[in-house]
Amino acid sequence: MQQRQSILWGAVATLMWAGLAHAGEASPVDPLRPVVDASIQPLLKEHRIPGMAVAVLKDGKAHYFNYGVANRESGAGVSEQTLFEIGSVSKTLTATLGAYAVVKGAMQLDDKASRHAPWLKGSAFDSITMGELATYSAGGLPLQFPEEVDSSEKMRAYYRQWAPVYSPGSHRQYSNPSIGLFGHLAASSLKQPFAPLMEQTLLPGLGMHHTYVNVPKQAMASYAYGYSKEDKPIRVNPGMLADEAYGIKTSSADLLRFVKANIGGVDDKALQQAISLTHQGHYSVGGMTQGLGWESYAYPVTEQTLLAGNSAKVILEANPTAAPRESGSQVLFNKTGSTNGFGAYVAFVPARGIGIVMLANRNYPNEARIKAAHAILAQLAG
C-alpha cells in the first residue's frame, strides 16, 4: 500500500513538474512585435494613450498587438476584440454601402441628389450629384452642421436653403454633412434606414460580426471608453447624420477583415464590385487622390506626402480639385478618423498584401499616427 502511494505521489509530482515547466516556457514572440513596438511604445508614452489595438496584415496573415487598458476604472485590458469608435474611418464603410447601392442598380453616382430625396427638389441639390456628395465636392458644405441643426426638420431646412460657394466638382471641402447625406440617400435608394442596412447587410457580408452602429447591450462590456484631453472618460455624442459620417464602433480584428476584403476580395460578387468602385479615383489634391471614402497615393509614398495629404490644410480648407493622378500598379489607401475620445488610422497596399489598423482610446494628432504607420509599413514591405 505504502509503495502504491509512493508511486502515485511520484506520478503526481512528475505531472506537476511538467505543468510548471510548461507554464514557465515563453510563448513564441511574434517576429513583427519588435517592429510594431518600436513605433507604438513611444507613441503611447508621448500622447498618454491609455490603450491601443494594432492589427497588421502581412502575407495574408493577421498579427495583433495590444497595449494598455480599454477602461481605466475597471482595468480591463485592450484586445483585438475591444470595440473602439473609429470616427471618420466610418466613411469608408458608408462609401462601400453607397457603392453597393450603385452595383445593385438602386442609384448612380451621377444621379442628382434630389432624385433620391423629394424634400430636396427645388434646392441646390438639383444640380449636385451623389458622387460629389460622396467625395466632398458639392461646392463647400462645411466640416460640421451648424450647432443649431439638431433635429431632422432643421437638417432638411438647412440643406434646402444651402447655396454652394464653389461650382460643384471644382473644390474639395471635407465635410460630414456631405458624405453623411450621401450615406442617408444611398440607404434610402435601397428602401432601408441606414443603420439596419449597415448592420444587417453590409457588415455581415464583410465578415464584420463584431462591428456596430449602435452597440447592443450584450457587446457593451467590450466597448472601450475614450479619454478626453482632461482624462475624463467619454463616448461619442451622436449628432445629425452621425451614423453615416462617424458612427461605427469596431475592433481591430474586424477592421483588419475589412482591410483584407479590400486587398483580397470577398465571395459576394456585388460586394466585391462595390469595394472595387470605392478604390476608383475621382480627383486629386496634391499627391492625394480621392476615392469613395478612401484616399490614395502612388506607392511607395514618402512620409512627407502622406502627412501633406492628411494635413489641417486638406481637412479644414477648400482645395481646388485636379484630374485624378495616374497611380500605377501600386497604390496605398488610407483614412484617418477621430471622435473626442478616440483616434484611428487605417492604411493598406493591395499590391504588397500589407495593411495596418491602429485604434486608440485617445484623440491624438494625425501626424503621429501617420509617422508610426508609415514606419511599420516600410518594414512590412521589406
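Positions of Cβ are set from backbone N, Cα and C atoms, glycine also.
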Notebook entry, point to check: Among GLN41, GLN144, GLN218, GLN330, which residue does Swiss-Prot annotate as binding beta-lactam together with SER88, TYR174, ASN176, ASN363?
Noted result: GLN144
Item checked: Other CB atoms, at most 10 A from the CB of GLN144 (beta-lactam binding site) -> 14
Notebook entry, point to check: If you draw a 10 Å sphere on the Cβ of ASN363 (beta-lactam binding site), how many other Cβ atoms land inside?
Noted result: 23
Next item on the list: Let me know the DSSP-derived helix, strand or coil state of GLN144 (beta-lactam binding site), please.
Entry: coil
Item checked: Maximum Cα-Cα separation (Å), residues SER88, GLN144, TYR174, ASN176, ASN363 listed as binding beta-lactam -> 19
Next item on the list: Taking only the Cα atoms, work out how far GLN144 (beta-lactam binding site) lies from SER88 (active site, acyl-ester intermediate), in Å, as a whole number.
Entry: 12
Next item on the list: Sort out the sequence-distant neighbours of SER88 (active site, acyl-ester intermediate) for me: same chain, 6+ apart, CB within less than 8 Å of its CB, listed by position.
Entry: ASN176, ALA245, TYR246, LYS335, THR336, GLY337, SER338
